């Protein structure tokens, strides 16, 4: 069906995740134009598509699944042994000859091969895992090895070659059969005609883990973390196979399709993406926004009313004066902003500490006088309920405040158009948690391979998420709202330069170093101007109705007709006249070139 469609709209994962892409997108033609919209996080999507996490619970479930497979194999041997024999003969000829299509996307996501197409081995399965019972024994050995590794109480980080050598030393398992684990398990599940695929999800994860670690030597790292948090005392081990190189997943897309467009309203700075994704951009452009009126106002608040500098830096983030000034900003905006306000914090932990401090200081009680308060939590169901009630409060009352977290559900996938978001306040700069071992490994990889310094990447990542958060306030050219950056570091030139052009161009010098009082004065003036009606004639600047389009088309037809008439009136030369100076008054242009010219005024667009 996809082959007959002119436009296909789906998730990034259908192209970037090898498991799904080889099934869903295999019919797309090389001359297709691929557009990655909202691609500010495309590097993270690429990395996630080739990364796998294993927990102790998964390994326990995988062991149970192997037992179920053994039981099913014994049953098939008693009832229809030819099935297993046929599978064995097919594997001897080569796994690539087996059917590798799936009935649904869900089946492909579970049974698909996690390796990129060009990295698949086109050869027969090793002899020691061709027999079904031999393969289940092989899986049992590998799962038991992983369980043994998880018993350690210290952090382990190693490369795939080091891991494979350790596996071989302890279990005598070679690299080659591990590479075939994912496809061999898929073949066995199909031979046994198993339908409850969810039961084998954990085992398939283990098989995918084995295939990936045995396929890629560079761009990956294995990290074993025995505790969930640094202060935890009860072990809850997680084995991370993390991809560090975002270019691996997107490289097949660049090689397969002739035109690939990466675009987003918050994809800034542009030069960072070709470095991380390993390509040379043919066209690289950033545009300002054409607006009917200046319908959004970005402000940088660097200090409170008491002139104390505000920041979410670790050294001062719990300073009572900083916490109080953050609270004062929220109270003052609740007084003047109609309907909804969305406030973002760098992390859940910081938001919890701030909200607790605000409660003790009486700030929340003051906010409740003007608006209801709702809070985003890590739980998706709780957040959905909070969002629903937030919208209801905006529709039926004085409005509400939604306290959210950058990189959370609210910052990425939720639109706060019109009355649902008249102001967005960014409390602090949303830097990643720098003690994360996975982040440290990626920073080291970027530094060594792409010459991207740690601080440059961290600032780039923080600013793109800050832009994504404040961008929630403007969801159309008829919308309006305030964008408030509450941290003194936003005033620095290096931080502002990493904001998208359409936001940065509206941050004036007078609005980039404000106290709370000054910000209130400017915000009131802006909201007052937005409340005034504006001339309909202004719509022509950025918004066209049907009549405007028809008028423009009529002008273009008129211009084309005039050009045609001029061409028809062109004097012809007599036969045999070879005077070089007798070129026509169009400068010697061919008739077809004149017909191809569009003589009407050009339409400039920006977005």
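Every residue gets a Cβ built from N, Cα and C, even glycine.
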Under TrEMBL, the annotation region 'Disordered' belongs to which of these stretches: 522-554, 555-587?
555-587
DSSP residue counts for the domain 'Helicase ATP-binding' (1-87), split into helix, strand and coil
56 helix, 8 strand, 23 coil
Find the average pLDDT over the domain 'Helicase ATP-binding' (1-87) in the predicted model and report it.
89
